[in-house]
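Taken from TrEMBL as is:
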{"type": "ACT_SITE", "residues": "D60", "note": "active site, for OMPdecase activity"}
{"type": "ACT_SITE", "residues": "K62", "note": "active site, for OMPdecase activity"}
{"type": "ACT_SITE", "residues": "K62", "note": "active site, proton donor"}
{"type": "ACT_SITE", "residues": "D65", "note": "active site, for OMPdecase activity"}
{"type": "BINDING", "residues": "D12, K34, 60-69, S117, 170-180, 193-194", "note": "substrate binding site"}
{"type": "DOMAIN", "residues": "6-209", "note": "domain 'Orotidine 5'-phosphate decarboxylase'"}
Amino acid sequence: MEKNNQLILALDVTEKNKALDVAEKVYEYVDAVKIGYPLVLKTGIGIIEDISSRVPVIADFKVADIPNTNRLICEQVFNSGADAVIVHGFTGRDSLDACVATANEYNRQVFVVADMSHPGATEFFQQVSEKIAKMSLDTGVSGVVAPATRTNSVENIRKIIGNELAIISPGVGAQGGSASDVINKGADWVITGRSIYQSDSPDTEAKKVVQEIKNRN
Ligand code: NUP
């Protein structure tokens, strides 16, 4: 994934035509499209191939199982054409290693969830977030997921991982996070879904985010 516009679209629509229509409108503004369970469970895994022919696809399946099952899941994800997969780290190093080994076989990428953007993340996730960030170093992953809704967490995770790993950051727009703030705190890409795909003009909204990032102080 090339770092141009620093925007990743979260395409959580559930109709294939809507997905293709929104993606078509925003291709020029996004560096990747993130596809997760809502769209794949409704339309089938083939949607990943459809979109990945135009733009890199990050498969957000938050893979969180034993190593063998993680490997089997990642094989299917990469066979579908995805360029990267998002996995959980709390399952431990062996489970993460299985995802990375599979990604290496396919020459694809892994992102690990280091902290989450919703309010409930403070109940359990935050207590292990630093440990997951530390563990992610030297594993061969490309980066971590950290929340635009709590930029102090992004700043902290950036200190832990240094410049070795990228940070992709969801929570901009509908969840209240600011694109320019989280990029300033150390994120490489922001992830935005609803504020773009629910808009009457997804391209205008995507362009706004890109300009906000480019024109930030
Ligand atoms: O911590 C996370 N928060 C989050 O919102 C980790 C995620 N992967 N996401 C995903 O980012 C979420 O599942 C959705 O696909 C996207 C944010 O979308 P929106 O809130 O901008 O609509």
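Glycine is no exception: its Cβ is also placed from the backbone N, Cα and C atoms.
Curation does not apply to TrEMBL; its annotations are automatic.
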What is the Cβ neighbour count of D12 (substrate binding site) at a 10 Å cut-off, with all protein chains included? 17
Closest of D60, K62, D65 to G193 (substrate binding site), Cα positions, active-site residues only: D60
Which number gives the other C-beta atoms within 10 angstroms of the C-beta of G173 (substrate binding site), all protein chains shown included? 23
Between the Cα atoms of D60 (active site, for OMPdecase activity) and S117 (substrate binding site), find the distance and write it as a whole number of Å. 14
So what's the average pLDDT for the domain 'Orotidine 5'-phosphate decarboxylase' (6-209)? 98
Taking only the CA atoms, the spacing between G173 (substrate binding site) and D65 (active site, for OMPdecase activity), expressed in whole angstrom, is 31
Among I66, S117, G177, the binding-site residues in question, whose Cβ has the most other Cβ atoms within 10 Å in this structure? G177
